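Taken from Swiss-Prot as is:
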type: TRANSMEM; residues: 39-59; note: transmembrane segment
type: TRANSMEM; residues: 77-97; note: transmembrane segment
type: TRANSMEM; residues: 124-144; note: transmembrane segment
type: TRANSMEM; residues: 159-179; note: transmembrane segment
type: TRANSMEM; residues: 188-208; note: transmembrane segment
type: TRANSMEM; residues: 218-238; note: transmembrane segment
type: TRANSMEM; residues: 268-288; note: transmembrane segment
type: TRANSMEM; residues: 297-317; note: transmembrane segment
type: TRANSMEM; residues: 337-357; note: transmembrane segment
type: TRANSMEM; residues: 381-401; note: transmembrane segment
type: TRANSMEM; residues: 416-436; note: transmembrane segment
type: TRANSMEM; residues: 439-459; note: transmembrane segment
Amino acid sequence: MGDAESTSKTSLLLPVERVENVTWRDLRDGLFTAELKRLICFAAPMAAVVIAQFMLQIISMVMVGHLGNLSLASASLASSFCNVTGFSFIVGLSCALDTLSGQAYGAKLYRKVGVQTYTAMFCLALVCLPLTLIWLNMETLLVFLGQDPSIAHEAGRYAACLIPGLFAYAVLQPLTRYFQNQSMITPLLITSCFVFCLHVPLCWLLVYKSGLGNLGGALALSFSNCLYTIILGSLMCFSSACSETRAPLSMEIFDGIGEFFRYALPSAAMICLEWWSYELIILLSGLLPNPQLETSVLSVCLQTTATVYSIHLAIAAAASTRISNELGAGNSRAANIVVYAAMSLAVVEILILSTSLLVGRNVFGHVFSSDKETIDYVAKMAPLVSISLILDGLQGVLSGIARGCGWQHIGAYINLGAFYLWGIPIAASLAFWIHLKGVGLWIGIQAGAVLQTLLLTLVTGCTNWESQADKARNRMALAYGT
């Protein structure tokens, strides 16, 4: 083990310097401005990275959709099923690295960052095995759940072609966190843009020219995930910028499995409980009168908020990385300033986006549909969607702060209560008993988001940052010896 790492381990035993809480003078001085600039420089390119990754699936869906209603319906159903049962779970589990790797990097335990990344790859690959069995039996499951047999059959074939992409995704997510937690966003930006630019013509060729049809969209997505993983993996292994955090493959990766899952499982619960609640709202919309209209409009609203959420995620990633780094280094005041800066940036961003949506609400629906009834309904929903953007922006950054601090278990309990004990019951009551239909469903789920945001704000506002820095340093010392 290198001298640098040994020195870092020893430093973890030193007492943390006690500092007073952040004051208005700190916010007026250059500390706040400097941190705000850091967050912007991190979040701006990270937003492009997240959007490029998000658009891979959208491009496949759009091209498959032009093949006909059956292809679109089956691909949409398969994508939704795979997101709920697979991709969301992988993303959630990988968020454990926001705490572990971020704080290790801040504590200058650079080699541990690489070891933790390998541990996460191994664990996520294992998780993919049972998920693969579920996907291979998707047709049977969908028919059992009452789906049309022809749609279920095509959806099952589509999901089977996504399996290679699932395993690639299980490696890609830890790699993304590896670079993100070191604030190395440029490799992510260049790689994501390159893969996206290649994905578009590749998807077109496989869908329209190869005879594969809708399966071509799934195969193109799997190939792009694999290519993305290969490029980032090569950079990790061979780039000089990664020399400090690069670690050789060894039995050491198995030592951290318990610690990884200790944070990964509540991380997955935190992410999936929120993600699944919105999918449940779409399912409930199918039980309403005129289900085609209600489902279409709610899908447009959900697609809009999901796209904009890419920007929220970028700010959340910046906040999570900066806070975990500063806590790992024992800098409690700096971590506190990050919170103020990140929330300030989020407020500016959500005001711009929500105002833009309100101003353009009458043309908003034309982006997604040419049906007048759908366009008018979307315009009616626009004010509610604007409120959703505000809530998503605030809770997204607060969730990033929670991951940076290692509060995933708290976030999981909050999301469980806010959405499943509060939001969804209200949504069902408003939609089916008060007869507000799709509007009621959306109001209900946003009631859950309001409670989620308030509780996360309360937890963050009551935080003793000196104690959090102590916990981070003690966690590093306990996990990696002294």
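Note that Cβ sites are derived from N, Cα and C of the backbone, with glycine treated the same way.
Given the structure is predicted, the values throughout are model-derived calculations rather than measurements.
The highest tally of CB pairs under 8 A with the transmembrane segment (297-317), across 39-59, 124-144, 188-208, 416-436, is held by 39-59.
Using a cut-off of 8 Å between Cβ atoms, the transmembrane segment (39-59) and the transmembrane segment (337-357) share at least three residue pairs, counting only pairs 6 or more apart in sequence. For the transmembrane segment (159-179), the most Cβ-contacting stretch among 77-97, 218-238, 337-357, 416-436 is 218-238 (pairs under 8 Å). When each of the listed stretches 77-97, 124-144, 218-238, 337-357 is scored by C-beta pairs under 8 angstroms to the transmembrane segment (268-288), 77-97 comes out highest.
Long-range neighbours of the transmembrane segment (337-357) within the same chain, counting only residues 6 or more positions beyond its ends whose Cβ lies under 8 Å from a Cβ of the stretch, are 22, 26-27, 31-32, 35-36, 38-40, 43, 304, 308, 311-312, 315-316, 318-319, 322-323, 326, 364, 382, 385-387, 389-390, 392-394, 396-398, 400-401, 460.
Here the listed stretches are 77-97, 124-144, 218-238, and the one with the most C-beta pairs under 8 angstroms to the transmembrane segment (188-208) is 218-238.
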